[in-house]
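Here the structure comes first, spelled out in structure tokens, and everything after it is commentary.
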Amino acid sequence: MAESAPAPVGRAGRLTARRGAAARLAAIRAVYRGRGDARSTGDVAYLVYAAALVLAIVGVPLVRGLVIGLSGPGVLTLLTAPSAGQVAGVAAGGLLTGLVLLGQVRGPALTSAFLTVAVAGNDLPRSRTLRAPFVVAAALLTTSSVAVAAILARVLHDAAGATAGTAGAIVVGAGAFGLLASVVWLLGQRLGPVPAARLAGALAAATGLGALWPAPGPLAGGPLAPLSILVALSVLVGLSVLAALAIPRLLDSLDGTVLLAQARRWEAAGVSASAGDLAGAMGRFRVLPRTGRTWWAVHSGSRTIRFVLRDLVGALRTPGRAAGGALGLVAAGSLLAAGAEGQQPLTWAATAAGGVVAYLALGVFTDGFRHAAEAASAPALYGYSTSRLFTLHAVLPTACALALTGIGAAATTGTDLTVGATVAALAVVLVLVRVRDSAKGPLPAALLTPAPTPAGDVAGVAVLLWQADAVVVSALVAVAASTAPTMSQRALLVACSGLAVAVGARGRLRRA
């Protein structure tokens, strides 16, 4: 009896320590909430009220319309195809790979720079001080996964005859996957750049190998289908539970220097974005060259070859960014080809997504355009005119766009010349969109002038449209060209779009 007496004292000591830690964290957060620019209780209540109204007025009809659209025969055929399980596995593997890389830029256990120093920089374990931001990020990711799965499960239940048990298994599996993905995201924040790149490569390779393994979809028949669904769900839930057990250790092992660097970078990007400088905000996350310091970027030979090799070396010095751009162009070619074959609204959405993805993926190959745009407003130092510089820097992105989008289109539609020609023409137009965007310049001050209307001040909408005009143009051009009924109409639309974009780029360069 005497030997067991210290046990209550130990428990009391641990309880006192927990209460003391909670009081310290509460005091720090109270000071932070008392700053001048903090949201008041009324502000938070108004945000909750506005979010509830938007969800009720916009969200519910949008979800219903999405369910109806996904219930169409074309989309339903894809959802019930025998390869639906493989497609879902590839999508899940791609998401996990992306989350590992995202953790290097913005991890789930991230708070403001002040709280990072005051809360995560003290003697308390980070499994306690950073638990709240991680829980919020994990909840958002898991909720998004469950929401997407619930929509697909509702479609399969209403239009494809899936049982309630199958639909419920899809939703539960999505929740377990969301938790697992949150831990993978945290692991990406914990690892250094090289281990994170290796893990992402391993996940990508495993995803590619898994795509070759036959995986039945949720509506696969057979007497063992319910058992296979139960086994797969049990494995996924078990993996998520095991991953969740590692969360405290991962939080405790986070590097304070990395946490502070991420917090400062995101705060600086937020300041730039709030001022209307989205390009400056995105520039905060541009990857710095780490490899190829001894590569020769200047070679002898013809003028075109010199510029192509120079741009190629510049792109390959950030291998992760270059690989992402190449994969993005392949995916964009697949989306554009898939959208060019159909006339349904969802295929139009795929085409618009393909145009936007292609525009974003071209960024790594079009850094030369930014150099040419900067040289346009400076004295001629290179012996080339502005138009000549843009032409020489356009060779590499045009070749990459044609080759990589062609690979994606061929993988989707085979040797369909009409679709291939459409995708190739769109790739050239999107390179011109990049030229136009590189010559944009700073935000015009006139757009910051208040524009009162009965619906409120719409000046922010004008600023947003000015910032996202290249993305909007890419989506509209892709949809217009891919959904035209005849080849001649597609050629005419692409030619007119390319001419309009080229004229716009020329006008911007003259004003530079």
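Any Cβ shown, glycine's included, is placed from N, Cα and C.
TrEMBL lists transmembrane segment for one of the ranges 83-102, 323-342, namely 83-102. Of the Cβ pairs linking the transmembrane segment (456-481) with the transmembrane segment (162-187) and spaced 6 or more residues apart, fewer than 3 are under 8 Å, so the two regions do not touch. Relative to the transmembrane segment (83-102), the listed stretch 162-187 leads the set 44-63, 134-156, 162-187, 227-247, 346-369 in CB pairs under 8 A. Long-range Cβ contacts of the transmembrane segment (346-369) within its own chain (Cβ-Cβ under 8 Å, at least 6 residues beyond either end) map to 69-70, 72, 74-75, 307, 310-311, 314-315, 318, 321-322, 324-329, 331-336, 338-340, 389-390, 392-394, 396-397, 400-401, 405, 426-427, 430-431, 433-435, 438, 470-471, 474-479, 482-483. For the transmembrane segment (227-247), the most Cβ-contacting stretch among 44-63, 134-156, 162-187 is 162-187 (pairs under 8 Å).
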